[in-house]
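Trainee: Feature table excerpt (TrEMBL):
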type	residues	note
COMPBIAS	1-16	compositional bias 'Polar residues'
REGION	1-36	region 'Disordered'
TRANSMEM	58-77	transmembrane segment
DOMAIN	64-515	domain 'Major facilitator superfamily (MFS) profile'
TRANSMEM	112-131	transmembrane segment
TRANSMEM	143-162	transmembrane segment
TRANSMEM	168-189	transmembrane segment
TRANSMEM	196-215	transmembrane segment
TRANSMEM	235-254	transmembrane segment
TRANSMEM	319-342	transmembrane segment
TRANSMEM	362-379	transmembrane segment
TRANSMEM	386-407	transmembrane segment
TRANSMEM	427-450	transmembrane segment
TRANSMEM	471-488	transmembrane segment
TRANSMEM	494-511	transmembrane segment
């Protein structure tokens, strides 16, 4: 919105904008603005419309969110490369054990499980503790500090020559940093992106994860086939320095979260941040209205004092319920079984003659990455609830057919039937179809829902605990899957089938729709929400949920 457009407004509305500008420029905004705030609330001023929405108006916001979401690429790169490292001869020679029977080096199931899965434990602790730097120093500086710690972890891993314990420690340190990234990036995006495209912007974090996984697979494939020494795994690790430095540089270009700036009483910077993201002047009526909404929310939260861990269990409105919901969604994202497919996919592909595990990984990575693009449209078009529910139905069908085919036709010795190539082909297709449904729905949408569920004052703590549940289940699945599949083989798919059935009913009854709501409106929605009633129209329909939230705001002011 240009200055000329503001000046053309009716004098009453223009005066109101000037009053807001004066109030929001003051250093003591929170202490002395009550009288002015009452005058503004009583003034007959209609809500200011957002700037005209078009493709170009969101260009900066989209680029900004992609730069922030690059933190997901760092996480995905680690996921994609470590799966290849444990199959590389030089890596096995340095960190494995010698087998006289097979006359080769190998990694035991326990050591493999620890090296791969301990990363998740580091992530769990980092998400709860290190992410707090975002509340203290800001989202930008918090991410910069996190990337420095990530670099330290990579140095420890690259410097490992023969001690798997040293490499193990490096994995913990880098995981500690990635855990913080997984909290700060979605949080930063949700707090800065325009609400009309917030779901798409947060989904870009998952897109970058899948891109990192795919390119990590490709890099492993290249180094595996071109080198026979430590360059096989040290080159992929060395590239992590480039990703970390790019992330640090990108943060220097970003506007800080307006919600963080307002909480720290840095009003002028907050107005510039809101204006920059929404392509309007820092002193425009729309910018001032948005800043005023954020101040209202922060002041309301500030009445209860500083947030404590205990508030997660006793706070209002329905903070404990929201905490449990976040933990459940993050846990169910793991329990849908996506990591099972990435682990066991090699065995399936071998059954039809594709013995190169690196080629297997690339195929799954391509499907995973390509399938994430539709989610950028779906999550804001159809809403969060319907996206998750549709994903459950698709994954259910794939899992039950996949497990049944594997148990009855593919696994040698099951029911006396030898491996069947046709069944293997069908299972490859089902594995890819399953990944499609996961990558378009549960992969990105859970991050969207969790990032917009908690009030500002406890957002870092709530998201940290929820994401830690994801990392914990990731550790358990990564560590125990080799043992479980060795015992029950493809029947393992039925376990995940049951988890997805539960996920469907949980989302249908317990997760309200938040599409199109501002982060402040989400709080109002939960004031009216009764657990177990998410299927009701006023909570499952985005437009009605928005009306309910806005009515709550009006009633609260009255």
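Cβ atoms here come from the backbone N, Cα and C positions, even for glycine.
What TrEMBL says about a protein is an automatic prediction, not a curated fact.
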Trainee: Which residues of the same chain, at least 6 past either end of the transmembrane segment (494-511), have a Cβ under 8 Å from a Cβ in it?
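Mentor: Here the qualifying positions are 325, 328-329, 332, 335-337, 340, 384-385, 388-389, 392-393, 395-396, 399-400, 403, 442, 449, 531-535.
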Trainee: With contact taken as 3 or more Cβ pairs under 8 angstroms (pairs 6 or more apart in sequence), are the transmembrane segment (427-450) and the transmembrane segment (362-379) in contact?
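Mentor: These two stretches do touch.
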Trainee: Do any residues of this chain, six or more beyond the ends of the transmembrane segment (362-379), have a C-beta under 8 angstroms from a C-beta of it, and if so which?
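Mentor: Sequence-distant neighbours of the transmembrane segment (362-379): 80, 199-200, 203-204, 206-207, 210-211, 213-214, 216-218, 221, 341-342, 345, 349, 387, 431-432, 435-441, 443-445, 448, 515.
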Trainee: Relative to the transmembrane segment (471-488), which of 112-131, 143-162, 168-189, 235-254 accounts for the most Cβ pairs at distances under 8 Å?
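Mentor: Looking at each of 112-131, 143-162, 168-189, 235-254 in turn, the most contacts to the transmembrane segment (471-488) are made by 112-131.
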Trainee: Restricting to CB pairs under 8 Å, which listed stretch, 112-131, 143-162, 168-189, 235-254, is in contact most with the transmembrane segment (196-215)?
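Mentor: Ranked by Cβ pairs under 8 Å, first place goes to 168-189.
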Trainee: In the same chain, which residue numbers or ranges, 6 or more beyond the ends of the transmembrane segment (143-162), come under 8 angstroms Cβ to Cβ?
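Mentor: Cβ under 8 Å, 6 or more out: 68, 71, 74, 94-95, 126, 130, 133-134, 137, 169-178, 180-181, 184-185, 188, 234, 237-238, 240-241, 244-245, 247-248, 251.
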Trainee: So if I exclude everything within five residues of the ends of the transmembrane segment (168-189), which remaining residues of that chain have a CB under 8 angstroms from its CBs? That is, six or more out.
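Mentor: Sequence-distant neighbours of the transmembrane segment (168-189): 65, 68-69, 71-72, 74-75, 78, 114-115, 118-128, 130-131, 133-134, 139-140, 142-143, 146-147, 149-150, 152-160, 198, 201-202, 204-205, 240, 254, 257, 447-448, 450-451, 459-460, 463-464, 467-468, 471.
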Trainee: Which residues of the same chain, at least 6 past either end of the transmembrane segment (235-254), have a Cβ under 8 Å from a Cβ in it?
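Mentor: Counting only partners 6 or more residues beyond its ends, the transmembrane segment (235-254) has Cβ contacts under 8 Å with 64, 67-68, 70-71, 73-74, 77-78, 81, 84-85, 140-141, 143-144, 147-148, 150-151, 154, 157-158, 174, 188, 192, 216, 219-220, 223, 227.
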